[in-house]
């Protein structure tokens, strides 16, 4: 079956390429502000300073990747001019920087601006200016809303899809489960929780025996784990960020609780979560993923992973390969390059959105095998499938089919 | 008096006694600045107009802190909390109750005055660094309070609230940005005149008497408790107005917009502008808006360090901030005139 879909994908990709080249050959050169015969100007906003500065590495990876593209001759002969500003994760500053990019630097569009609050702050502005706010770097579900915000599009699978997938799996394999949930008390945690409840449906809601929340300011979450164990839950949904996830895995093993453990993708890194928590404590944890994990030995000889590592060595040697941000930045930059290639000589803002919404079975090779990027006029969620995986030995074993769950905003 | 208290009492001297005449600009200079503020927007891009609007808004917030610290000698690291209350008052009233934006501003002022006055009551027992700490607590607590579940229906929780930007009224041929700029300018001028007059009034003299020596002031019959809380109330009200205008200009409020970083920025703006010199508030606002951008253009990875160096230079070379430069300029002009 996978072989057949692979051939089909190749065939449709070839067709798409032919169609694209045929249409560009006849099309006139058309430009909006920010694009010329020699240059495409792209804006970006990242928290290089402030509380979320760890994510700044995504922007730096993208800058390095566009340098690679420029060194190789650019896109259809045009060089990328990547203008990236710091907003320190403060929404008013994001508005200022977005306006600077659009009105003063006159970029063609803003790409991969990071964070839910910063992107919420500029969404209305970008849409009223009709400037694309493309592939925003946040997993909130609301970016997939082409009816109300036709100029905003996400990239990564949204948080709700992921817990919906867990819910589907639980309903199928453990219909009588008693579920205990631990979640971070903010937009990220609440989005995940909503996906879980939606996925479980009306009947399933009664399966949740306890919803426990924690604040990022708490030094440890041990007491929450003890409380969850006391409810007698046999399924544990772990919606926590890396530091807390590692604590939770350790504590569960310590107190001898043996639930079926679902760990959210945010904390599925072998290097930064599983290893510190201990391999012996992490056996049989279930998670879901869409990207290959650099620290996972099974991708050692994978061509896509090699491409990524070569790029890192040559263009971004000071960047940390094990940081999840670098591989995300690489993947999303590749997706953008694909969109711009498809735009041909028609570099209007409208066409950029149109091409971004016409990706068919596109793959960047850092995605897990079988996961493809598909968008459409009514589907602004580029990556909407994930694959379940179970931790065995010292690596994640993918199992089951790639499951898709499109959650709309 | 214990040793600790003595240190605190000495702490008061950190706020230098500024004579009230030296708190403002001369009439001629004021008119030139005003004319520039009126004319420039006609010739520049909307983005620059937006930045000028933000400058006036942060200028107001710094001015409010200046009245509190430069006027009555009380420190505050909690101005971001008042700013947030003002911003949210406007946003909630505009989006949930459909009240006109212009009307939400006086409401914000009243709400924040009450909030500041009430906070000033318990803060009366504190002074110097202890007061700074208490207000710091307020600033750290505010973003979390805004995220509370039972307020979420109104505040939008962590997702914040999107605010609709007003159009120019009476069909005036102006962009939204330009209209908002002139509207902000009008409010700013009104508050500036009010502040200057406040500091020249009986109340202003009482503030300054408290700043210079609390015991002497009370022995002269100044109601110390009343005037200290009043200073907090007035400062909070003006900060709240700035918050309201900020929410309208940025079109978005979220808890992450009003963290302790904002309070520290405002404090920094006040010091750079010159403590107790009202026009300096706007110079300070320009510093906190533009210097981080400059630092970023020098080095992206080290923007924080570059900002630190620039700040250090300012404190080292002109410890009294923009006021010192203004005085130097004035003296220089005087010399030139003699020659």
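Counting begins at 1 with the first residue displayed.
Note: Cβ is positioned from N, Cα and C throughout, glycine not excepted.
Per TrEMBL, these features apply:
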TRANSMEM  B:22-42  transmembrane segment
TRANSMEM  B:48-68  transmembrane segment
TRANSMEM  B:99-119  transmembrane segment
TRANSMEM  B:126-146  transmembrane segment
TRANSMEM  B:179-199  transmembrane segment
TRANSMEM  B:230-254  transmembrane segment
TRANSMEM  B:260-290  transmembrane segment
TRANSMEM  B:302-319  transmembrane segment
(request) With pairs restricted to those 6 or more apart in sequence, evaluate whether the transmembrane segment (B:48-68) and the transmembrane segment (B:230-254) have 3+ C-beta pairs under 8 Å. (result) yes
(request) Using Cβ atoms only, state whether the transmembrane segment (B:22-42) and the transmembrane segment (B:302-319) have three or more pairs under 8 Å that are 6 or more apart in sequence. (result) no
(message) Using Cβ atoms and a strict cutoff of less than 8 Å, what residues sit near the transmembrane segment (B:126-146) while being 6 or more residues removed from its termini?
(response) 7-9, 11-12, 74-81, 84-85, 88, 119, 155, 214, 255-256, 258-260, 262-263
(request) Might you confirm whether the transmembrane segment (B:260-290) is in contact with the transmembrane segment (B:99-119), defined here as three or more C-beta pairs under 8 A between residues 6 or more apart in sequence? (result) no
(request) Select the range from B:179-199, B:260-290, B:302-319 that forms the most Cβ-Cβ pairs under 8 Å with the transmembrane segment (B:230-254). (result) B:179-199
